[in-house]
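Swiss-Prot annotations:
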- CYS434, CYS440, CYS479, CYS483: [4Fe-4S] cluster binding site (BINDING)
- CYS483: siroheme binding site (BINDING)
Amino acid sequence: MSEKHPGPLVVEGKLSDAERMKLESNYLRGTIAEDLNDGLTGGFKGDNFLLIRFHGMYQQDDRDIRAERAEQKLEPRHAMLLRCRLPGGVITTTQWQAIDKFAADNTIYGSIRLTNRQTFQFHGILKKNVKPVHQMLHSVGLDALATANDMNRNVLCTSNPYESQLHAEAYEWAKKISEHLLPRTRAYAEIWLDQEKVAITDEEPILGQTYLPRKFKTTVVIPPQNDIDLHANDMNFVAIAENGKLVGFNLLVGGGLSIEHGNKKTYARTASEFGYLPLEHTLAVAEAVVTTQRDWGNRTDRKNAKTKYTLERVGLETFKAEVERRAGIKFEPIRPYEFTGRGDRIGWVKGIDNNWHLTLFIENGRILDYPGRPLKTGLLEIAKIHQGEFRITANQNLIIASVPESQKAKIETLARDHGLMNAVSAQRENSMACVSFPTCPLAMAEAERFLPSFTDKVEAILEKHGIPDEHIVMRVTGCPNGCGRAMLAEIGLVGKAPGRYNLHLGGNRIGTRIPRMYQENITEPDILASLDELIGRWAKEREAGEGFGDFTVRAGIIRPVLDPARDFWE
């Protein structure tokens, strides 16, 4: 592994322009406040275009009408995506009612998009509504700080509806980690919440004046569920319990899925085990991992700036020893843990506290009133009467949590009446896509708009081969940045060009193996032809309980990725 080829602790060379931008931004202020008042353009200019990402927003435009507007000599229809900070995906029904109203009244698309990072996004916020959205969030105890760009992003936590006490403890740690790693700059409060500037120099004791070299993602995981896909993340705390009570965490570092087409210096990587730590060291260890990456991460090349590349460059043992030094601890040996699945259990589940939890399947996380299926209205009506909370899952679904027996029938009636409990196949429940077109500027191929009809065709293949109740973990991502987490799927499609994808095979159901590229730059008919043949073989030749991804590896159809830094592209 990495120790065979240790590299420098710090990469020397000309810093990327992003580093200049951060340094000159006055702790993320830039000239955003002035830009807000420029009515000549619907977008943000210069450095502000990137700086708003630190405030939880991306500037986008509707790519479906981009060419048409260009012909009319109009600028693109700029609008912002805003992503809320929501550790563990827990949101109150009061907060839900507020975001429902904002989506309806102040966004182009009128939808709420649940993401696979356990939060929600608004798409289509015009510039005039940017400040009001931050103020609305603040009024209900939410914010969008540090949900994008070079910071610790939204902290995920297993949406475990069974063991309520353990989930509550893990969720509290997810919140503590999130708060501890937040930026300290007052820029967010000054710009969006009109808080007074104070005569105190900003300091960033953890993140530093130029923040992190690249995005950084953290999870808290409760085995045996790997619903949050820990191997997609930089830093992972795997909960270890004794007698149902949380006692500590196993730490895994250096996961990440983003690649660049054709760039063999990039690769998807699973996280590496560092060791076990008692609870009282959690925040010190989290800070130590982040500051080590802050100081050692590559600031000359953003394509090689994530923690996974730092770990490979300096060596796992070197990185681990530095974390131990900074945190003032020695990791204990990894404690036993096992993952058995990562899908959500759709429907009602009774928790150990005798409350009920209803997990609703939301295809691709898009909450909108569809013809005959008014999902958004249904959730609003549930929010008006539900005394518990909602939980957004990392599979883009929604849990109506902590429902007392007395409310169960009423909530189920509302859900059914609004199309929120329509029967779907196991295959559809285990399929997921990122947003992609028309709003994502990085999209190379369709994802969210492509997946439903593509799933229909995969369902037909399963039916053809006599296994209609089976499922394959299937993900579509519109570009190699990998937001759809296709690089941890059994079938992963990565957008290459309009209507064309790279097909990856060989991941597994529990999300612990990176799939390898099987075919490159192929169309939907080619993909379906390959899947028809391979699913047919799987149906006939599989061993008892063997998932599709495991079968493709065992049958020699695809070689497993064992050491991504060296064999991902082979």
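From the backbone N, Cα and C atoms, a Cβ is placed for every residue, glycine too.
The [4Fe-4S] cluster site, placed at the center of the C-beta atoms of CYS434, CYS440, CYS479, CYS483, has further neighbours from the same chain whose C-beta lies within 8 angstroms: VAL435, SER436, LEU442, ALA443, ALA447, THR477, GLY478, ASN481, GLY482, GLY484, GLY495.
Its Cβ placed at the centre, CYS483 ([4Fe-4S] cluster binding site) has 22 other Cβ atoms within 10 Å. Other C-beta atoms found within 10 angstroms of the C-beta of CYS440 ([4Fe-4S] cluster binding site) number 22, with every protein chain shown included.
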